[in-house]
Amino acid sequence: MSKNTIKVALIGNPNTGKTSLFNQLTGLNQKVGNYPGVTVDKKQGISKLSATQNAIITDLPGTYSINPTSLDESIVLKTLLKKDIKESPDVILVVADVENLKRNLLLFSQIKDLEIPTVLAINMADQMAKKGISINISLLEKELNTKVVLISARKNEGINELKEALICCHLAAKSSPLCGINYKVDPEYFDELKKISPNYSLYKLWLMVTQNNFPDEITKKEKDKLLAFQQDISKLKKYQHKETIYRYQEINKILNKTYSIDKSKATDLRSKLDKIFTHKIFGYVLFFLILLVIFQSIFDWASYPMDFIDNTFASLSNFAKSNLPNGVLTDLLTEGIIPGIGGVIIFIPQIAILFLFIAVLEETGYMSRVVFLMDKIMRRFGMNGKSVIPLISGTACAIPAIMATRTIASWKERLITILVTPFATCSARLPVYAILIALVIPNKKVLGFLNLQGLVLLLLYALGFLTAILAAYILHKTLKINSKSFFVVEMPNYKVPSFKNVFFEVVEKTKAFVFGAGKIILALSIVLWFLASNGGSDFKNAEKIVVENVANQNLNDDELQQKVASKKLEKSYIGMLGKTIEPVIKPLGYDWKIGIALITSFAAREVFVGTLATIYSVEADDEDTTTIKQKMASEMNPDTGAKRFNFPVGMSLLIFYAFAMQCMATLAIVKRETKSWKWPIIQLFGMGLLAYISSLITYQILS
Amino acid sequence: MSTIASLQVGETGYISEESLDFIPLKLLEMGCLPGAEIELIQIAPLKDPLYICVNGSHLAIRKETASQIQILKSNL
């Protein structure tokens, strides 16, 4: 790192425009990494402060205080307590909202006591005149002993002054606590605490004690002494309360001198909108309509780019095949890697569109109203109003959805949400549903206007949600986890969404999918390709066997090649695997070929379609679904002489795909988020068992 | 003694000094302080959670929490 780069930590309450400021300061120079040892994403970006001075800006998760109550918030504390030269910030930039300055200053006062150089940016300054707010900045600076800058991040105002302030503040280096706040609570007690170590500010020591969070470099002796302070928990709690009240008293004193608001200028747009959005009937109707619009748009808009991606990768594969020399490497490329990457990219449109909507709803402040409306309902099922967002996101992809549960403070509610989210109908199930529905559900109208096929698809979506809710209820009643359920949601002011913020949010979520799931889908595609293109001695002799069998059938070259490919698959390792599980899946109406497709679906469910295409010896690169459909439709069951994909089998498969946990990438994310293999394994077998039993019942009743 | 949960929509009250120990730290930090004026803005359609405004913060809290915090109702 060059001398001319300073490290700035960006911190602030949620809904203060912190993200806007971050985007404004860093633009496209952003990257998302990981904090060592924890799963929370670390957003960093580079900002050019002046011609000679750069800054690495770390966007810390929004928080109301440095005493954390959720996973997201604990990261803030961890970062700030660190003494590591590489990680700890040179300057802390606190963002505050001009309308909520009092509450924002609480966090500021805590930060200030860490004795790290701090700059305070008061955001949304453009609203001041409208809201009748006036601030005496120079007096505020004096009282807070801090450089204060008025900005309006969305309008790009005050950003240059802020950059200058960051440089000055960095040069000033040493910072003093706001008012030695803890001494006022109990001087003797805090004197004792202070004596433990000269290496840390008093407030840092106090945080280590109250949050049980110790930096790595602390000595054993110091740690033991600090642990002794933890003995009297009720005293700690009492002092934390006292400390907070004291902080607010100080803040009030300062604001009385420097801040005034003319209440008569307040508009009641918020309360008018709230009356509509949280109305006992319209509130739910509106939410339902919004969901409908979202799903409709996902279907309508995403199909064009998806078809385009599908065709592009198919022709890419074809092109590579016809232009590269024959060999294993070419096969790996054309049958493993290219379709594997295509299988990842194809989901991007749906995921991006869904997160576009979610980002807009969050930016406007509407999402908090949904949480408010849904909390009571979700609580009956052991979840939380905040669980609604993961469940909706789950209809695109469970991976970003499960990561979105991090804001849920109660571990039990969060865990249940994580466990049931994969029941939501994700975009990978859609191609499977589409082809099966086309095969077994007649394309006719019911009640005069409803398309039966569309209706079945809708029912499958409903089935996913209902199962999620039901599973949550069962988990709620059976899981014996004691976790403090505490719930508080801020209801922010309604805002017009900022294009920039929405754009960056969509890019970030899509990246999370591509790099989280993508790696696993791609790796698994390659493994499956290997298993499908290698086998025992029968595999090597496949061509000979076929030629002997069909010697009298007068097939042309193409037909012969298809027969050979099909035989090869049957005799490959994966074919052997399919044959092995055949007895288990036979009661569900499946044969070994479907068995193979079930196994390969673990890469991503939609691989089902491609696998069947290969098995039914459609030319491997031709992903035209009509031909696959025709092949599937004409496939016979040799035992019964009836069609293989008849109504009972089709329904049984639909039910199986609705319930089964066939996604390695999701399992990996659940492992990461719950920090144990226990929960993904429970999920795999629990959902698998449910899928098996339900499909069994479906098939047996229908056939 | 009344609590936040016993307020009517649109009614205001002052958080009593005695309830300090019953206010979760997080709420305290968000501005829900003893002595502060609190207004019940709205009740969710299923009677829970409650939408309150205190010290300029607009918050939704569950009834369970609200019923632990004692208040003195403002004189109407």
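We number each residue from 1, going along the chain as drawn.
Quick reminder: no glycine exception, Cβ is built from N, Cα and C everywhere.
What TrEMBL records for this protein:
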BINDING   A:12-19, A:37-41, A:59-62, A:123-126  GTP binding site
BINDING   A:N23, A:T26, A:G27  Mg(2+) binding site
DOMAIN    A:5-172  domain 'FeoB-type G'
TRANSMEM  A:281-299  transmembrane segment
TRANSMEM  A:337-361  transmembrane segment
TRANSMEM  A:388-409  transmembrane segment
TRANSMEM  A:415-442  transmembrane segment
TRANSMEM  A:454-475  transmembrane segment
TRANSMEM  A:512-532  transmembrane segment
TRANSMEM  A:645-669  transmembrane segment
TRANSMEM  A:681-702  transmembrane segment
DSSP three-state call for A:G27 (Mg(2+) binding site): helix, strand or coil?
coil
Cβ under 8 Å, sequence separation of at least 6 from the ends of the transmembrane segment (A:415-442): give me the contacting residues as numbers and ranges.
298, 302, 347, 350-351, 381-384, 387, 390-392, 394-398, 401-402, 405, 408, 452-453, 456-457, 460-461, 464-465, 467-469, 471-472, 475-476, 479, 481, 601, 604-606, 608-609, 625, 628-629, 632-633, 645-647, 649-651, 653-654, 657-659, 661, 663, 666, 670, 673-674, 679, 682-683, 687
Among all protein chains shown, how many Cβ atoms are found within 10 Å of the Cβ of A:M124 (GTP binding site), not counting that one?
25
State, in range form, which of A:337-361, A:388-409, A:454-475, A:512-532, A:681-702 has the highest count of Cβ pairs under 8 Å to the transmembrane segment (A:645-669).
A:681-702
Roughly how many angstrom lie between the C-alpha atoms of A:G12 (GTP binding site) and A:N23 (Mg(2+) binding site)?
15
Short question: which residues 6 or more past the ends of the transmembrane segment (A:454-475) have a Cβ under 8 Å from it?
295, 380-383, 391, 394-395, 415-417, 419-421, 423-425, 429, 433-434, 437, 441, 446, 654, 658-659, 690
With CB pairs under 8 Å as the measure, which of the listed stretches A:337-361, A:512-532, A:681-702 comes out on top against the transmembrane segment (A:388-409)?
A:337-361
I'm trying to understand the geometry here, so how far is the Cα atom of A:M124 (GTP binding site) from the Cα atom of A:G27 (Mg(2+) binding site), in Å to the nearest whole number?
19
Using DSSP reduced to three states, classify A:M124 (GTP binding site) as helix, strand or coil.
coil
Of A:N23, A:T26, A:G27, which is closest to A:P61 (GTP binding site) if I measure between C-alpha atoms? They're all binding-site residues.
A:N23
Distance check, please: Cα of A:N15 (GTP binding site) against Cα of A:N23 (Mg(2+) binding site), rounded to an integer number of angstrom.
14
For A:G12 (GTP binding site), what is the secondary structure by DSSP, using just helix, strand and coil?
strand
